[in-house]
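**Q** Handing you a structure now.
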Amino acid sequence: MTKYVFVTGGVVSSLGKGIVAASLGRLLKNRGLKVTIQKFDPYINVDPGTMSPYQHGEVFVTDDGTETDLDLGHYERFIDNNLNKYSNVTTGKIYSEVLRKERKGEYLGATVQVIPHITNMIKEKIMRAATTTDSDIVITEIGGTVGDIESLPFLEALRQMKADVGAENCIYIHTTLVPYLKAAGEMKTKPTQHSVKELRGIGIQPNVLVCRTEKAIPDDMRNKIAQFCDVEPEAVVESRDAESIYDIPLLLKNQGLDDFVLNHFKMTAPEADMTEWIDMLHTIKNLEGTKKIALVGKYIELQDAYISVNEALRHAGYVYNTDVKVTPIQSEDITKENVAETLAGFDGIIVPGGFGDRGLEGMILSIQYARENDVPYLGICLGMQMASIEFARNVAGITDATTGEVHPDAEHKLIDIMSDQKDLENMGGTQRLGLYPCKLKPGTKTAEAYDNQSVIQQRHRHRYEFNNEYRDLLTDKGLVFAGTSPDNRLVEVIEIPENKFFVAAQYHPEFLSRPNKPEGLFKAFIGATM
């Protein structure tokens, strides 16, 4: 029978619940178990696809085209599994499905209520995560903190799961804060005690406490927490601030968290072989070289807006034993007068995805600087579209080349809306989303980056595409279309062969990068800076 691990948080947000869930998933996977992870987000939006990056951070896209929370990126990078639509569920999605069923008459005239209809739908999503992946263990993280009004239906559903599947088949892990007060020179357990009290008031007794802390928790304090929170002392696990997020699996393993979970489930599994992970960490902590990358984007004020791009750049650096230092640069601030001064000294330039008209001219100036000065350049999604426009304006002589996203009535729209996107009423969930094949042109830098495969699979999130009316003209001027859809209708990758590295992709390669398996384009990009 499938086992269920529920991860909740208390005291404050951003304690690292997602990293704890992902780290435990990695430990259990390395013990030979099939693991999947999901997150429940208590906001009313159906998904984060229409939310501002300043509000939510990056929108992570899964193979099946689901727009999800950025924590799913952590999950995939840690457990190296591709997740699906059941791995991210919001309050909006739950209520939408319940209301759809009610409209179809599937509740047979019953009064639709939070209990049982909403909680049953939540439990159904937990079960579907198990059945669609045939997993031995499902790890479910609940967003927010205990005490939030929005989280109550999810916590009630978790409480009911104990009766539905049996106490021996589910375990509750609660992450809390054990703050260190410098003025007093001591750590405080009261926030943890009150958080557990709140959780128990809802009907959930945690089995494990993961305590976020700056310093090691002394044994006497560990015993105190165990006594007041009614857990075993070995179930009080500290999660200290670490040099790298990839330290956390080993920190948790050294405290026996995976053993405790399996013992609770009465499961036996081989000891986790963490050799590859340990070797990777050794590389991360002993990087010798340094490369400086300029990330020219629109949402740089929030680091989480480009978290997968930043991680993918670091992953690529590990291959070359190099610490990749990423400097975010606001594209709005770049002008003709300051572009050279702003970008001088960088080993590479990357322009990631985005939407809208703000900052586009600064991106185009940055791309022009990279092309003319032979600075390695990688464009992603919007970065590919702006690279096409820059080439058209400054090489092909189409000085008014633009994008239909900003100027829908312009004469020379190098980038235009996809034909199947023109008459859509809804914005949410209607873009070209998910995994699609890309046919590579032999002999290109792009094909070389992917070990000369003829076709690759990549994740997408876009509504606009390269306008094929200009393909022949730009080809004549030296632009190479290195990747297309298999039917040759959609341009996926462009490159300039004369440059050391000038490649731009419509897809999002960052979503498939792993710390121990860097994505091909990122690896080639960093390689070109060596």
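Start at 1 and count along the chain as shown; that gives each residue its number.
Quick reminder: no glycine exception, Cβ is built from N, Cα and C everywhere.
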**Q** Please pick, from Asp71, Asp80, Asp304, the residue that Swiss-Prot records in the ATP site together with Ser14, Leu15, Gly16, Lys17, Gly18, Ile19, Arg240, Asp241, Ala242.
**A** Asp71
**Q** Take the C-alpha atoms of Leu382 (L-glutamine binding site) and His508 (active site) and report the distance between them in angstrom, rounded.
**A** 10
**Q** Roughly how wide, in whole Å, is the group Ser14, Leu15, Gly16, Lys17, Gly18, Ile19, Asp71, Arg240, Asp241, Ala242 that binds ATP, by largest Cα to Cα distance?
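**A** Greatest Cα separation within the listed binding residues comes to 19 Å.
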**Q** Please report the DSSP secondary structure of Gln193 (UTP binding site), reduced to three states.
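**A** DSSP assigns Gln193 (UTP binding site) to helix.
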**Q** Give the distance between the Cα atoms of Thr192 (UTP binding site) and Ser14 (ATP binding site), rounded to the nearest whole Å.
**A** 15
**Q** In whole Å, how far does the CA atom of Asp241 (ATP binding site) lie from that of Gln193 (UTP binding site)?
**A** 21
**Q** Taking only the recorded positions Ser13, Lys190, Pro191, Gln193, Glu510, which one has a CA atom nearest to the CA atom of Gly354 (L-glutamine binding site)?
**A** Glu510
**Q** Counting every protein chain present, what is the number of Cβ atoms, excluding its own, within 10 Å of the Cβ of Arg463 (L-glutamine binding site)?
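**A** So the Cβ neighbour count for Arg463 (L-glutamine binding site) comes to 18.
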